[in-house]
Each structure stands twice: as C-alpha cells, then as structure tokens.
Amino acid sequence: MKTFGKKVVLIGDGSVGSSYAFAMVTQGVADEFVIIDIAKDKVKADVQDLNHGTVHSPSPVDVKAGEYEDCKDADLVVITAGAPQKPGETRLQLVEKNTKIMKSIVKSVMDSGFDGYFLIAANPVDILTRFVKEYTGLPAERVIGSGTVLDSARLQYLISQELGVAPSSVDASIIGEHGDTELAVWSQANVAGISVYDTLKEQTGSEAKAEEIYVNTRDAAYEIIQAKGSTYYGIALALMRISKAILNNENNVLNVSIQLDGQYGGHKGVYLGVPTLVNQHGAVKIYEMPLSAEEQALFDKSVKILEDTFDSIKYLLED
C-alpha cells in the first residue's frame, strides 16, 4: 500500500454524506476532503459552504469537489450513496437496488487505482460491505461497514437516561445485523462493572424495562424516518468516529461491520457488527464477547438472515 495520510473521499452528498462532511470538518479529522456526487451543483455549494467554516476547524482541511480519479491517492473512501430507506421499509428490502448502485460506484473507485480503505454506510450495510469486499478482492480489514456503532450509541444513550449517568459511562453493545435482528448483549452491559440488566430489574421490579430499551434502540430509525424522512446526524457522527480511529491510528474498539473468520460460534464469511480493534491498518482484530446461550441463538439467527440475503444478490458479483 501507499504511504498512509489523511485524504478522504466521500461518495454521496445527501443528508448522511453532507452531515458526515460537516462532522469531519468541525473535528479536523482529514487534511483533504473530496466530495463526489452526481448532483454536482449541490456538491459545489456544499464545498463552498464548508470551506467558509474551515477557519473555525481545529486543524486545516481542504474541502473540494471531485471525480472518481481523485480516489487514486485517497486513504479512505466513504460511501453513503444509495437509495434512501422509505417509511415502513426495512433495510434488507433495499438490498438489490442498492447493491447495483454500490457495484457501479466501487468499480469506478477501483478503476482509479485506489489502494486505501473503504468505509460503507449505505444500507443494508452488512450486505453491501460484504459485497464490496468480495467484488474488489481487498483484504477484509480494509473493507469496513458502519455496523452497529450507531445502534450501540443509541443503546448507551437510552440506558444513560434511565440510570442518570453520562452515555460515555455506559459500556453496552448492540451486535449482529444493523437492522431488525440485531441484539443487545445484556449479559455484558455494565456501568462501573455493575450489571445494567440487574440494575434496571432492581429499579423497576421487572425485566420489561430492558426489553423496552432494546426495542426503542432497534426501532429508532423507523421512528425518525417516519417523522423527518431519514436519519443522518447519528450515523454521520458514527462515521466520523470510525474515520478518526482509522486516520489517527487510535486503536479503538468499535462495533463496526467486519467479516467473521470463525468467531462467535464458528461463523465465517458473513459481515456484521461486532467489537473490533480499528486503527490505521483497518479493522484488525475481532473481540469475541462472551454471550449467554440466548444471546448466541439470537446472533446465529442474525447470521442466517444475512447469509440468506447475501445469497440473493450473489449473482451481481459477476461482471
């Protein structure tokens, strides 16, 4: 690979993409930030708008409109482009149309001579990330999905509101599909080493509160989409967090979507959200959380759904 730097190319300047661009500029994560979209006038306007704010960025960043040839020397290509999720539509129902869009985008990126890392956010993210890995032949650690980073943040936030602590003080994870079969790992969720599940049960006298928090976490996107059309701030910040871990070589453990290789019950090939060490070499090490028998069964179900869905679009791997 080429020498590692901090050039990021964003493909997709919709609500998620533009929110991500704003987050990256305000955090000063990239040195060079290129935006690609078929809506060239919007890109031009967003670039102008963002550059006007770079004086307030914590470090210099050059924002520009670009084309696919700009991917040649990019360190990180982030793809948010795709058909949006409609009210009532599941992420998996998006699969065929967004896989076709993704294939076209990735072919153009690879044709540029790109030799960096992919970060995928378009839905269904686990399926599309696996598709990119298999279509390009890149090592799994260099093809990363946003996974359940956002879902885990939602869970942490809801728990924090119930327990009266800061979200950052909550150690809790959503793993599996970024979607309807995701699961909360209650057996490991804690605040200062104290079980969240047990605390909720003690406070309420029942197990219903934990289930309510899980359901509200799982279904948050549907509620937001129904009210305002799409989700973008939360996922944009999650993407910024992953990008920062890569570009700054932070060695952070994040629940990104990555390919399993025998972990969590011997599963191989499937991409889904699990705790993974992320640094300038990509998603380099999966951490295998101890799961209860019930949690393992739910995880296996998530794997099965994702495997079956991927099988339905495998034909698109052929040129």
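Cβ atoms are placed via backbone N, Cα and C, with glycine included.
Other C-beta atoms found within 10 angstroms of the C-beta of His178 (active site, proton acceptor) number 31, with every protein chain shown included. What Swiss-Prot records for His178 is active site, proton acceptor, and it gives sequence analysis as the kind of evidence.
The NAD(+) binding site annotation in Swiss-Prot covers Val16, Asp37, Lys42, Tyr68, Gly82, Ala83, Ser104, Ala121, Ala122, Asn123, Ser146. The Cβ of Ala122 (NAD(+) binding site) lies under 8 Å from the Cβ of Gly12, Ile79, Thr80, Ala81, Gly82, Asn98, Ile101, Met102, Leu128, each on the same chain and at least six residues away in sequence.
Annotation for Asn123 (substrate binding site): same-chain Cβ neighbours under 8 Å, separated by at least 6 residues, are Gly82, Gln85, Arg91, Leu94, Asn98, His178, Gly179. Residues or ranges marked as substrate binding site in Swiss-Prot (evidence: sequence analysis): Gln85, Arg91, Asn123, Pro124, Val125, Asp126, Asp151, Ser152, Ala153, Arg154, Thr231.
Summarising the annotation, Swiss-Prot assigns phosphotyrosine to Tyr222. Neighbour density for Tyr222 (phosphotyrosine): within 10 A of its CB lie 16 other CB atoms from the protein chains shown. Under DSSP, Tyr222 (phosphotyrosine) is assigned to a helix (H, G or I) in the three-state scheme.
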Distance from Ser104 (NAD(+) binding site) back to Thr231 (substrate binding site), taken between C-alpha atoms, in Å: 24
Cα-to-Cα gap, Lys42 (NAD(+) binding site) vs Ala153 (substrate binding site), nearest whole Å: 30
Whole-number Å value of the largest CA-CA distance among Val16, Asp37, Lys42, Tyr68, Gly82, Ala83, Ser104, Ala121, Ala122, Asn123, Ser146, listed as NAD(+)-binding: 25
Site of maximum Cβ density within 10 Å, from binding-site residues Ser104, Ser146: Ser146
